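What TrEMBL lists as Mg(2+) 4 binding site is B:28, B:43, B:73. TrEMBL lists B:28, B:73, B:205 with the feature Mg(2+) 3 binding site. For B:44, B:45, B:120, the entry in TrEMBL reads Mg(2+) 1 binding site. Residues annotated as Mg(2+) 2 binding site in TrEMBL: B:45, B:73. According to TrEMBL, the substrate binding site annotation covers B:52, B:256, B:312. Taken from TrEMBL, the feature ATP binding site covers B:119, B:120, B:144, B:207. Here TrEMBL flags B:208 as Mg(2+) 5 binding site. The domain 'PurM-like N-terminal' annotation in TrEMBL covers B:26-136. Per TrEMBL, the feature domain 'PurM-like C-terminal' maps to B:148-295.
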């Protein structure tokens, strides 16, 4: 399979028509039109085999996940997805692998009317870099920087599932399909992100674990946080997965769930949580923003608890 | 060196201020404003160590070249560079290496007032994926698709230098600084690309060799081409490098010079060539677009010559 038929395979399987793509794949660059009154939101993520996904991950899931982790960043900014570029480095031009990879990418791209507008294919150790492009009305992007003391801290969905799924994969455990599904096919919270726009004071997606990512909001906003570990939302499958200390560790420091963590003023919170629940992506209050710089953990009784944890860091 | 100090190192060294960057590095995504009446041109290229550059290449040169090959694609579209994202995969967080790499990237970025707006750093085999963003007035992008029979075919600068430089590097030959310089620090022809806008009928950058890249223009435009091998422009250093058959092979099928190959109507050609020469990036006529689909090679006397060559292809 030559380079150009490889590109053709990807292009065919990922075709999504959009009027704002003036020129798509096939030239030196794509030509794209951003709607008037809107700003462009851009995010890039690389997935390296064996680092960001286990080597045995199915190619469909790799394609899905590589796009999902990028779309999750758009969700956290409150952006509407529009386009993506795909840089694919492969050890060899394995046609069935590429077809399944493209199908996984395309399945998620179609869900979000996202057009693949360019990319590159090169030979080398398996790795995937995707850049995604979305729109926000000018000035409306949600950032990490607006959280204020007194704001509620909330998260969408449930936490810990993907980290538990990874543990199951690595232990070759059966019967954890739901948890492994969360690991392999995360659902970027695009619709939730749109609801956060002009309501949330700050937002981030949870890719490296709640403590690490909430820590970014605190650092950028110049605030601290109090999180009640007993309020962290969990799925039924996750609740059955392990003992309480293990679960807490995964919920606080496991990553890869790609849920949104956001802050919102108390008077705006109930309506937002209602809207999110109506949209099919319920969110849960897990604590509040406080004066200071630290993240404190408490339990149900309000007692402070110690847990020296942090999230995932490359090169740490 | 932890991931976040690595990002900070890159950010500090690559700082270029632009008003249209509403939010730069440090959030889930960058927020960017495209000027009204303009379209966005986007291109992505990956460089893999040992594939796109010899393993012994200096980190400064790798940083420069990774950006240059992307800017070259913007040049071929007639776009003005604005922003870039950088996805850097590294075997280890080697601070001096990263500093020199960032300096190489930054040196070229500053020349073009290009702002680094986002990226990702991951651990893995060395590879660099850059996505660049530029602007063109709406509808003004130069594509590969407009060449017509009778058009002149021209190339900027000289051909073959980088391929000769690579041969010198691989043979550990001394005294070929100029040729190796062309290999390691290509100059993207941005100013030339702006002159081509609204004048050239088609353009491409020569990354995979003249025959391969001119072949893309022919395929997209539905035309053929006649190229006179004796008219291919060469530098003095290249002229002294090897015998004529070797030089011809490198000029036709060697890549990495990142010159522009373009077609232009005969009545518009002289003024364009004059303007290019005045801008400091002279171009040379090397042949003409013809009816058909093939690229024919001739010599000075007009006799057709056979040379079964093609350009670089991954997975070939």
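Using N, Cα and C of the backbone, Cβ positions are placed for all residues, glycine too.
The shown structure was predicted, so the numbers you read here are calculated from the model rather than taken from an experiment.
Where TrEMBL records a feature, it is marked here on the structure.
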residue : record                 : CB count, 10 Å
B:28    : Mg(2+) 4 binding site  : 29
B:43    : Mg(2+) 4 binding site  : 29
B:44    : Mg(2+) 1 binding site  : 26
B:45    : Mg(2+) 1 binding site  : 25
B:52    : substrate binding site : 23
B:73    : Mg(2+) 4 binding site  : 26
B:119   : ATP binding site       : 26
B:120   : Mg(2+) 1 binding site  : 23
B:205   : Mg(2+) 3 binding site  : 27
B:256   : substrate binding site : 26
> Highest CB neighbour count within 10 A among the binding-site residues B:144, B:208?
Replying inline: B:144
>> Could you check which of the binding-site residues B:28, B:144, B:205, B:207 is the closest Cα neighbour of residue B:256 (substrate binding site)?
In response: B:207
> By CA distance, which of the binding-site residues (B:43, B:44, B:73, B:205) lies nearest to residue B:119 (ATP binding site)?
Replying inline: B:44
>> Between the Cα atoms of residue B:73 (Mg(2+) 4 binding site) and residue B:120 (Mg(2+) 1 binding site), what distance do you get, rounded to the nearest Å?
In response: 22
> What is the number of residues in the domain 'PurM-like C-terminal' (B:148-295) that are helix, strand and coil, as DSSP sees it?
Replying inline: 64 helix, 28 strand, 56 coil
> Is there any among the binding-site residues B:43, B:144, B:207, B:256 whose Cβ is under 8 Å from chain A, and which ones, in sequence order?
Replying inline: B:43, B:144
> When DSSP states are grouped into helix, strand and coil, how many residues of the domain 'PurM-like N-terminal' (B:26-136) land in each?
Replying inline: 36 helix, 47 strand, 28 coil
>> Please report the distance from the Cα of residue B:52 (substrate binding site) to the Cα of residue B:208 (Mg(2+) 5 binding site), rounded to the nearest angstrom.
In response: 11
> How big is the Cα-to-Cα gap, in Å, between residue B:28 (Mg(2+) 4 binding site) and residue B:45 (Mg(2+) 1 binding site)?
Replying inline: 22
> Where does residue B:144 (ATP binding site) sit in DSSP terms: helix, strand, or coil?
Replying inline: coil
> How long is the line from the C-alpha of the residue listed as 'Mg(2+) 5 binding site' to the C-alpha of residue B:43 (Mg(2+) 4 binding site), rounded to the nearest angstrom?
Replying inline: 16
